[in-house]
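According to TrEMBL:
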{"type": "COMPBIAS", "residues": "B:540-552", "note": "compositional bias 'Low complexity'"}
{"type": "DOMAIN", "residues": "B:94-151", "note": "domain 'CTLH'"}
{"type": "REGION", "residues": "B:530-563", "note": "region 'Disordered'"}
{"type": "REPEAT", "residues": "B:278-319", "note": "repeat 'WD'"}
{"type": "REPEAT", "residues": "B:490-532", "note": "repeat 'WD'"}
């Protein structure tokens, strides 16, 4: 295998992949905790988040005004149409880029009007994650 | 027999009847490629055709054309031919008055020269005055040199000053008379040179610049015109990637076939070229660097020591370590006499080859990426500063400059001239930064795929006019450096291409290393007719740029061993 490039999130609180322990997502990006994945409880994350309330900041944020990507070290699968409990959606499965395990999925498109808010956001299953920094 | 069909550039046209001009007969090569001035040129015979314009577009005046050819002949040293041409064409290079003038200048008959100057028929009075000034200035200096201060002063007063030009210089000249010492005179004569005949020729050149070109044709005019045409062709050549120089016979135009695009060789795990196995490191080897003379190798184990190997024998010559600390990266200085390394405690350390520590300092590095570069003169050190910033440290001025990127940096590499940095980002873009003047971002390249791994890219091709990179879609990507256009994607590998290395000695050869455990050598579709590399340069060539190349290979090994 090539040399994996492992990124890290600012923290101090991060969600990590339970199996290979690389950073996956930041709790600051959580939109809802009441979702259900394939295997149980899951959190809905936004795709980016502003990082302004922490003292330890990346100065690139000040300079460029960009948001920090809320998920790192993940790969996306191809678009798939799936019928979920809430209706038909186009989703991409999310894999940990290091150990390739399935962590959740991302909503590419929602076909019901009231589900549109999910587009671009993603779900990570609670029992695939471990918490650090709490 | 009037018009011949001929395709070569006009600069090399010649008469069929000039027998003496042996070197001009090669104009008879009829090449079929396009000629910017059209394909038909009327070639009038000696006694006919006094057309004023020549060339298919009718923009070249015959008289000017013949005169610059004559001038070129004379400056190439072909006096006889030049004279024949003048006679045959009936167009003289210089009018008789001008010839007389030139002779008088060379012989140092200054007063006559000034008189002739007025008879040449120059329209602009200022030009006459400037030229007269130059001549009289020369007269002045020569008089002084011959210890004739009185004569010099007389010249200055009665001849130079009344001209009423260049007053500042007149004051300077008068000061030369007053402060009269041999050394100063010598210094004052700096533009005259030691020997007076040389200085008179220089005077002629100066006069040529002052007088209008119709009177005296400027030196090297024909050569300048040809060079301009070549420059235009070279600049317009999008795919320019050849080692040979430009020829005058055909318009220069590189096709896409000059870019490597087919696999020449596939090597698996170095079975074919395995020369040595270098063992000794206890930890996985993270970084490899070839010495500037290609004879030695530096290897760095993860948080371990640096070992220096001799490539021929495969023996480890030296081990560099810092007790209690681990080393994470290493690089050579361009002069091959010093080694730079990065340590786990975020310090930098420079050793000379014997292991004596020359310098060390603390850097605020918060990044795990261990890429390094030392710019050509050894004075600029380039390293990671933060996930999205690169630090440029000037060792002399201690000045630190930052290259700020808008996403995380995965790797970077420096151009051969040390002026440009190629930065790979997680956003699947490669950015080109000018570090010599700036730093400023000058271009972006995209199209390749990067998601999980460190993918390396490099400069390459003739004059490093191209950028190549690996990609996670198993292809090699090649971009045109100046425009950012993607020119080639090379399929062939069956796994992520981790790194690429363009042979610095052979612009037609590229190497790539992949997760499919192979290294591929890429070349051009048609074999080149003339190869300038000597002997086993193919293996040397890859190794010479082995930094990125060997890194990728080593990374594969590392991946395996950690499983």
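Heads up, residue numbers simply count up from 1 along the chain you see.
Quick reminder: no glycine exception, Cβ is built from N, Cα and C everywhere.
For the repeat 'WD' (B:278-319), the predicted model reports an average pLDDT of 81. Applying DSSP to the repeat 'WD' (B:278-319) sorts its residues as follows: 0 helix, 22 strand, 20 coil. Residue counts for the domain 'CTLH' (B:94-151) under DSSP, split into helix (H, G, I), strand (E, B) and coil, are 46 helix, 0 strand, 12 coil.
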